[in-house]
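Features as listed in TrEMBL:
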- E372: active site, proton acceptor (ACT_SITE)
- 60-257: domain 'Aminopeptidase N-like N-terminal' (DOMAIN)
- 603-923: domain 'ERAP1-like C-terminal' (DOMAIN)
- 1-18: signal peptide (SIGNAL)
- Y456: site 'Transition state stabilizer' (SITE)
Amino acid sequence: MKIFLCLLVLTIITEIFASPPLQLEETRGIRHAHKNIPRENSPKQNIIRPNYILPNAVIPEKYTLKIRPVLYPYEGETEYTAPGHVEILTTCLNATNEIIIHKHPTLTITTVQVLANSNNAELDVLSTNYVEIHHFYIISLASNLVVNQKYKIIMNFTAPISDTTDGLYRAQFTNERGEIKRMATTQFESVSARQAFPCFDEPNLRATFKISIARRKGANFIALSNEGWEEQNVEDPELPDWVWDHFYETVSMPTYLVALIVAEDYLGRFRTNVFEKTVGVYGPRYLMEPPIHSGEFAVEKSAYIVKFLQEKYEHTYALSKIDSIAIPTGYFSAGAMENWGLNTYRQEYLLFIEGESSEINRYRITSILTHELAHQWFGNQVTCKWWSDLWLNEGFASYITFMGIHEVTPEFDADREILWDSVQYALAYDVDVNEPVKNSAVTPEEIERTFTTITYDKGASIIRMMASFMGEPTFTKGLIKYLEQYKFKGAEQDNLFQVLNDQAIEDNVLPPGKTIKGIMDTWTLQAGFPVIRVSKVGNSQVYISQERFTKQGSNNDIHNGLWEVPIAISSQDDAEFSVYSPKLWLSKNMLSQSYAFHSESKWLIVNPDATGYYRVLYDNALTQLIISQLKSDHTKISALSRSQLLDDYFNLARNGYVDITAALDLTTYLSNEIDRVVWNSLLTALTRFLNVFRNEDISSFRAYFAPLIETALQKAGLGWDQQTGDSGAPVLFRAKLIDWACALESDNCVTKARELLANWTSTNINPIPLDVQAPLYCAVVAHGGEAGYDFVMGLVKRADTSDFQRARLLTALACSKDTASLQNLVELTKENNTYIGNNAVLVLQRVGVNTLGRAIVFKFIREEFDVLKAKTGGVNAFVSVLNTLSTVYTKASEKTNVVELTTERESDLTSVQSSIQNILRNIDANIAFVNDYFEKMKSWFNIQI
């Protein structure tokens, strides 16, 4: 009886504080699908292990490549193989009797010849050897090659069309008639061209490519590559069932940008009236034809983006066409790739389907298009010389993304979005890792680990900082010269810095003694960033100092690695927030500096609009003056500066620099705040608090923030109802505020959900607009009782419900506040060949983040471990679900349960022990998080309400 009563009390308490989790997907970081694997224990800068680098005694000039992907069995040939022939024209730079190229272990080379280009005389090949660890294929010759002479390396080979998403690989989709269609596609960045053909697979070893691709005659296949077709449907007497498509020769480019595609039942859409060269988008035929026309948005925006970039950077796009192609869902882990002339995208990142694609989808597509098209100049025309300078590719593409979005879809207000989307995203990530922007990667594994937020978003942030302290006109003039000077070449960061420095000197924008290299080396060669302390000293001075920003509990040696910091300042008497010229500089050899400021009662803002990549901490007197200004008229301080104040202080609090109440004090003006960028920053900062505190009584949290969010919805002119013709930033802003209002169970959300359910059930017409379906579907289930759950479950099971809607509705079912319904939903995951059964992991994860569902899910994965393992083909699904639970576990008892379960199943979990340890660390961090912040925040909220 005691146990029963305890469980009953626990259930009642949980139900009181249970609320639906946030539903909308994060829009930050969607330009790239990088892995964010920290470069832990990486070698120190400038230490190169040359046995992984080609000796460059022989360099490529031109590849003539013929390849024939076999996608179906053909006369004894194995499907998913690709026989090929390559002729590489090379130049000898240093006398040698060895030619070393790259070959992956899975690539088979069947014949090798080396000819003198001048007379086609064949050289004697003594032997070939393979060093697998380095992927080196070594051709040993009987005599030395002659310096400055050209030679041809001719090889026949067979490449696999792998079942990974790397190298030359296979994909498929099911069309509207239920037929499976196949394709072969490529993803060569960073070191996977060697999987498809023998090559000099390094970014600085550029060459031209003359490519030919064979496809089955009579079948509905299309072949695509970087350049346009020179000839199509060329017969081959030796292969009577095949035809060849020959492509024009490319400009000089690295191997990782080569694209080779054969696709079945694909169709293109083109624009020729916007940009001077043909712009195309390819996708599965049934999605491209009427009535869907899913490629129309991307092809139009691509044309305008390329036109904008060509005009801004004054360099003509180098190839004859620019195509983009959708890779079927589930077959492109990289997300998108800038192959020159033939960009590849996950299908959902390229194709826009009216009636299914939301404004978030439209923003995402525009963002990723701009990122990849920016690479056609930054990364393709000028390539990083080695992967250590990858930020020259990815940082610039990320920086330019926001300008491009704003140019072609100004309704998204994206030119300001870089602060929340890149700068604040990078600052949050940067404190947890030890990664300099310029890395020291050499091995393939190390290179793969460089595609992180540091490379993309910190890269973009420090580029934005350079543009700000140099002035955008000077910066752009320098970039135009950089693109010209290193056109079709590899560049290092010092090359960029020198060109920009020359332009800065010409325009006289640097203070005496400063150079771009001297400044930027402090930001690229060391990890982390500074926190700038600002303190009033008497009535005439402000004391400004720097120190390394560190994670809570870390040692902070303020003398260890400082920065050249541009300090721009706006003040109450000089509130010009769009002027970013530094008023002073902190030097890498200078901890602090004074600044004349003759007022005891007026505020100042360091780093207006957060153009510098650092955080700012004001003394209490200045903080109170800023808060007073926010309360009296917050618009006197720019929106981007308000955004950064909130982001800085919540992160300063989470890392022990200030008390959490100091951050909360900055929110007391929010009843008048209607700017989306400010709210984005605040809600991002609050997300972890909301998620982790769900085990606690969050009624005071809810009582404080829910009315503020409701007020913002009204004062921003958004309301709960989306109007016909609404688009862009207001739609995204409304959706985010509604998501939070519903997660906090505001009265209006509960009322709205019940009204919508009644409307929907009575008319059988869905009344909920696409952009708010995720949070409001969830609210309908959460507040519609058993009737709401049953209604949505019925829609999930209806045969005429689209897969797109079925996915959203299924996620909403996990929002139920009825434990019996949640138990039912979890049990349905055991079924085979049903939609719910096929999405078992998603269901378990979504129910697991429901306060009422987490115990149900844990019990299920414990008791049904073997069923889940058999159903999903291993233990990865179990680990994924357990990892999701670890994000919301905050009790020692919950950790004990996890330890007991993983110990019970230790023999099954041997291969994932590192993941299990991360899960336990997550729980420990959550427990500490609650202990550090919950009671303080609860007390603060109680005072305010």
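Cβ coordinates are placed from backbone N, Cα and C, and glycine is handled just like the others.
Unlike curated records, TrEMBL annotations are generated automatically.
For the domain 'ERAP1-like C-terminal' (603-923), the model's average pLDDT works out to 95.
Rounded to a whole number, the distance between the Cα atoms of E372 (active site, proton acceptor) and Y456 (site 'Transition state stabilizer') is 12 Å. Residue density at E372 (active site, proton acceptor): 29 other Cβ atoms are found within 10 A of its Cβ, drawing on all protein chains shown. There are 28 other Cβ atoms within 10 Å of the Cβ belonging to Y456 (site 'Transition state stabilizer').
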